[in-house]
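> Have a look at this one before I ask anything.
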Amino acid sequence: MESLYAITTGILTACGLFLTLRGRSFPVVVGLTLLSYAVNLFLFSMGGLTTNGAAILDGGGSYADPLPQALVLTAIVIGFAMTAFAVILAMRARGDMGNDHVDGRQVDETREERR
Amino acid sequence: MTLLWIPLLTLLGVLAPMCLERYGRNLCSLGTATPPAIALLLALNQVPALMAGEVPRIAISWIPQLGLDLAFRLDGLSLLFLTLILGIGLLIILYARYYLAPEEPFGRFNAYLMLFMLSMVGIVMADNLLLLWVFWEMTSLSSFLLIGFWSSQSDARKGARMALTVTGAGGLALLAGFLLIGDMVGSFNVGVVLDSADVILADPRYPIMLVLVLIGAFAKSAQFPFQFWLPHAMAAPTPVSAYLHSATMVKAGIFLLARLHPAIGDSAMWGWLVTLTGMTTFLYGGWFALLKTDLKGILAFSTVSHLGLITALLGIGSPMAILAALFHILNHATFKAALFMCSGIIDHEAGTRELAKLGGLRRAMPITALLMSLAAAAMAGVPLLNGFLSKEMFFKETLDAGLLGGLGWLLPLLATLGGVLSVAYSLRLVHSVFFKPAKTAPPKHPHEPPRLMRVPVEFLVMICVAVGLFPAVLATGLLNLATEAVLGRHLEFHLAIWHGVNAPLIMSLVALGCGVALYGVHPSIRRFVRQFATTDARMIFENSIQRLVARSQSLTERLENGSLQRYMSLLLGAALLLATLGLLELPQLAGGMPEGELDGVLILGAALLIFGALGTVVTHRYRLVSLLMLSVVGLVVSLTFARFSAPDLALTQLSVEVVTMILLMLALFFLPQKTPRESSAHRTIRDIALASALGMVVASLNYAVLTREIDSISRFFIDNSVPGGGGHNVVNVILVDFRGFDTLGEITVLAIAGLAIFKLLNRLRLFMPHSDAEGRVWSPDRYPMILTSVSQWLLPLALLVSVFIFLRGHNQPGGGFIAGLVTAVALILIYMARGVEWTQSRLDFPYQLVAIGGVAVATLTGLGSWLFGRPFLTSAFGHFKLPLIGEFELATAMLFDLGVYLAVVGATLMILANLGKVTTPHRPTKDAQPATSKEKS
């Protein structure tokens, strides 16, 4: 189970990173989102993988580690804010620079590219 | 306290000229000169105490953690230098009054000068090595301002830069040396350091420390191989050269050697390094002084040479050598300052200081001629002048040095040679300016300078003569105190002109005779030397500086080329390197824990995640498809959280997923629908390699952690959640109670992100396509009937659900974050179904206020606990009974959670509603004109 989880996290990370290395803004944003899923999964697993042990106290039994959960919960929300900021920045960049390249060039895109 | 007044008064002198400039030069000079004059009197007033064997000190704690105190001392050595710094400083102020042209900023010049004086006073009085270093660097900075005073001249700028670079870099070496001393001794106090010679000398780091300190001192005092900056600093106005490069700044290095001599000077290494450097510089300076053709150039190199002489004496280090060094410091300062001032007068009155254009000036300026001849004679070591006395002592010490073993005779020989050079260039200086007939007329008609401009020179030359005639009477007192400070004991000595016919006298006579002869043949020497290619130190320096700048520039441009791709690949490469190094340290990847059982659901989930992630990448050119693939990942991630006992996370992820997808779809409307294929195969392979390598590292790390025993602090939270926080849902209690401060920070970030986006969308010019990527126009049906009616009755239901989720959050999965997201989703649905205008007219409040209000509620809840004398964000709770509902619990944490709720709703809607607002009113449809250009401004 643990190895499968780790492999999945690794693949998500790799896919996210590959997209953040692209040259246009939208794939970068998608990559960031994918990467934040991977990071959240990774952080979440730092408390171990527990089945049927939600940290809702009911008098007994063992519970999953609540601390990484609390951290990841806020991370999800902040991750959303970051994605939103990045994508709006991408829109703004396109509006101001005339294209959606991520290297800051200021060339208007062709009509073909606009679609 | 009196001690503190000496630096304080000079500090006051920095301000005085700035305030007095408008009242004319005389008052300005007077105002500038008054504080240092009083400071000089205060210093001299301490003489009786010094005579009694005391060392007045004062110490104020400044940064005790670093061992830095504002500590000053006034011993004999400080007094000797103070007399020079303040005394010659006063003469310079008077001289500069007449030297500077009327249009030059007089007040600023004096302020710089006083700033420099302050730094020098600080160096010689500091009783703490770190404080000394601070003043040391201040001299570098203030001398930069002074050398570059004529900043319109390229020479001045370059000279100033070179002086700053060399002395500043030396200063850094010095700091390193001081830190080593402090580490050896355990204190930076000068008194303690001077008493710890045995500790320092025994320390294995002594050689490193000595070299560092010597680099600092040699760079400052223009000793070989750092001598090259001094001649270029001659681009400064002459009063500056007279002050900095004869009496003060270049003597700071010498002062330091004398100051630290008791602590670090008693070793063979010191003797070799310092003596040989000094002798080399002595000869080097003398040789080049003979070849220079510019008055100040000759003086600069002669200064280099004389500084070498003093350094050599300090290197020899015997008590009499120290005495000779101190005596020569005094003598050199007087005759060299006088010579510089004379050269300034000549430059000022004749319009040039090129020897080739000068000559026969004795008729035009007879008094200056007399003064300069006397000063030059003192420099050459002519009997009955002060320079003769100390130079003869120098000769004697080289005879008795006991260095170099069997080659011991070399030192006196080299010393005599230096003496010969000294006589030759002194003679040349005077003869070619005043006595040799002029070949051409100087640019200006030369005449005597204003009466008062000559006074400082007259005063200094008078001292040269008087000390030369009556050394025992005039110099013994001051030197007694100074040698006592350096040696730590009283030294019996008698200064006299006549010691009988002995070796030093013969050396002096040889130097005089051969010097005159050398001057006679020097034109042919100069012709001989001219065949060699000259290397200009400045060219080398400037070239290397420019190379350095160009290198840094190209490096910066390579690293920071404006492309995110470059930054990301560098960042990821670095992360890969570090993480790999960390992994290499693990003995083995798997820990001891057994793996959990796999079941079908897990495998299916993992397969879906992997499928979704790879699908996102593979389809990334078709952005909409890629986005759909991404949402698969998001949904399965949320299921993963649910599976592994994190219901709160699952709920949050689910609602965030919805909001994110809506946002990205909306944004995609304004961005191209497809990504063109443009990465080269090379780049694609590189990126795949980098990403997969990092993926593997992350997977390995994750596996390594998961298979190891986890030692968590969570036990505390689980144990205290109910008794301390009054909640059964530990995750929520952590968020709103235990780690409430973190949460407060996070909702603040959320609100700020919302505000930033609001600002980014302001006046955004966007291109809006009228059809999708395939050329299909958008649906004319803007607000589908079913969506409209469903959303309408869904809203109250969703609000009810979010209230439910909010209220149960403390004990069951739920809470402010999730409730806020659910509310936001419901409202966004209305926006989508009805359009922005319709919704906006009914929901007429700015979401910015909601978000900010949420942060405010949370903060105020936290502050509320202050009213009860508890720390920020302490929570309280109690149980209450209401009819119908029954017993329930109220906690201040719930109020805090309300703040979270509001912040999340506000920020999310601020982002989405504002983005939606950009689109709707002008959205092109089939009926509208096809939009071809950017619209909406």
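Indices start at 1 and increase along the chain as displayed.
The backbone N, Cα and C atoms fix where each Cβ goes, glycine too.
Checked TrEMBL, it gives:
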DOMAIN    B:65-109  domain 'NADH-Ubiquinone oxidoreductase (complex I) chain 5 N-terminal'
DOMAIN    B:126-403  domain 'NADH:quinone oxidoreductase/Mrp antiporter transmembrane'
DOMAIN    B:608-673  domain 'MrpA C-terminal/MbhD'
DOMAIN    B:786-909  domain 'Na+/H+ antiporter MnhB subunit-related protein'
TRANSMEM  B:109-126  transmembrane segment
TRANSMEM  B:132-150  transmembrane segment
TRANSMEM  B:206-230  transmembrane segment
TRANSMEM  B:270-291  transmembrane segment
TRANSMEM  B:298-316  transmembrane segment
TRANSMEM  B:322-346  transmembrane segment
TRANSMEM  B:501-521  transmembrane segment
TRANSMEM  B:624-644  transmembrane segment
TRANSMEM  B:743-762  transmembrane segment
TRANSMEM  B:783-807  transmembrane segment
TRANSMEM  B:813-833  transmembrane segment
TRANSMEM  B:888-913  transmembrane segment
> Which stretch, B:206-230, B:270-291, B:624-644, B:743-762, B:813-833, tops the Cβ pairs under 8 Å count with the transmembrane segment (B:783-807)?
B:813-833
> With contact taken as 3 or more Cβ pairs under 8 angstroms (pairs 6 or more apart in sequence), are the domain 'NADH:quinone oxidoreductase/Mrp antiporter transmembrane' (B:126-403) and the domain 'NADH-Ubiquinone oxidoreductase (complex I) chain 5 N-terminal' (B:65-109) in contact?
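Touching, yes - the domain 'NADH:quinone oxidoreductase/Mrp antiporter transmembrane' (B:126-403) and the domain 'NADH-Ubiquinone oxidoreductase (complex I) chain 5 N-terminal' (B:65-109) meet the threshold of 3 or more Cβ pairs under 8 Å.
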> Using a Cβ cut-off under 8 Å, which residues of the same chain at least 6 positions beyond either end of the transmembrane segment (B:813-833) come close to it?
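For the transmembrane segment (B:813-833), the far contacts come to 647-648, 651-652, 655-656, 658-659, 662, 729, 731-732, 735-736, 783-784, 787-788, 790-792, 794-795, 798-799, 801-807, 839, 843, 896-905, 908-909, 912-913, 916.
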> Report the DSSP secondary-structure composition of the domain 'MrpA C-terminal/MbhD' (B:608-673) as helix, strand and coil residue counts.
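Summed over the domain 'MrpA C-terminal/MbhD' (B:608-673), the classes give 55 helix, 1 strand, 10 coil.
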> When DSSP states are grouped into helix, strand and coil, how many residues of the domain 'Na+/H+ antiporter MnhB subunit-related protein' (B:786-909) land in each?
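Once the DSSP states are binned, the domain 'Na+/H+ antiporter MnhB subunit-related protein' (B:786-909) shows 88 helix, 12 strand, 24 coil.
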> Would you report the average pLDDT that the model assigns to the domain 'NADH-Ubiquinone oxidoreductase (complex I) chain 5 N-terminal' (B:65-109)?
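The average pLDDT of the model in the domain 'NADH-Ubiquinone oxidoreductase (complex I) chain 5 N-terminal' (B:65-109) works out to 90.
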